[in-house]
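Colleague: Below is the structure I would like to discuss, written out as structure tokens.
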Amino acid sequence: MPRTLEGQITMEKTPSYFVTREAPHRIFNMNRNTKLIVVVRDPVTRAVSDYTQTVSKNPGLPSFQNLVFKNSSKGLIDTSWSAVRIGIYSKHLENWLRYFPLSRLLFVSGERLVTDPASEMERVQDFLGLKRLVTNKHFYFNQTKGFPCLKKPEGSSRPRCLGKSKGRAHPHIPSDVLYKLRDFYRPFNLKFYQMTGQDFGWE
Ligand SMILES: Nc1ncnc2c1ncn2[C@@H]1O[C@H](COP(=O)(O)OS(=O)(=O)O)[C@@H](OP(=O)(O)O)[C@H]1O
């Protein structure tokens, strides 16, 4: 981690921190005043997105419905599959709250980051104690990409969208499989809403 000078903030992003058991303890030991930002989206969509990413690198992978069940006739979800496990946010959060107070964590809605990126960025800037410099002016909806992209209103640089691996089409998953997965996550989601004091509307 580089040294942070007066007036600077050092930021680091690793998606797996939130779900890594040792991470809270290690980060706490490094700097207990660290501010933590977690982007969360509907765990069902997240699991499908995760699978889409894996299958793009490994086209021979079994189907989503083959991987998601431990016992498909009983509808038992396989919680040892990382695409499922990562979305049990309340369990991961418990681990962080052993070291950090809730006030040190900001939960960004992955859904709102797409539908209203400027408001989520407003929350991020407030949380970090920064001036609200990134606003609505910095985003536009790109029809081709189907997602918001960045523009610099004050500069001449070209607008920038995220790369091809972000915002890919998801495969079709049978609706009964999605219902079972949704049922599985419901209690964990409700617990997560209680713990964070935020309703992410994933029902
Ligand atoms: N502006 C914009 N452009 C493109 N994509 C966007 C954007 N905002 C959020 N998203 C969503 O980000 C999802 C990919 O993020 P990841 O969490 O997989 O990224 S990372 O690999 O963990 O860094 C990606 O998931 P998929 O749709 O499954 O590809 C997007 O839904």
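Using the three backbone atoms N, Cα and C, a Cβ is placed for every residue, glycine included.
What TrEMBL says about a protein is an automatic prediction, not a curated fact.
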Colleague: Same 3'-phosphoadenylyl sulfate site as Ser49, Lys166, Gly167, Arg168, Ala169, His170 according to TrEMBL: which of Arg41, Arg182, Arg186?
Modeller: Arg41
Colleague: Looking at 3'-phosphoadenylyl sulfate and its recorded binding residues Arg41, Ser49, Lys166, Gly167, Arg168, Ala169, His170, figure out the farthest C-alpha pair and report it in angstrom, whole number.
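Modeller: Greatest Cα separation within the listed binding residues comes to 16 Å.
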Colleague: Going through the binding-site residues Arg41, Ser49, Ala169 in sequence order, which have a CB under 6 Å from an atom of ligand 1?
Modeller: Ser49
Colleague: Can you count the other CB atoms that lie within 10 A of the CB of Lys166 (3'-phosphoadenylyl sulfate binding site)?
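Modeller: 11, counting other Cβ atoms within 10 Å of Lys166 (3'-phosphoadenylyl sulfate binding site).
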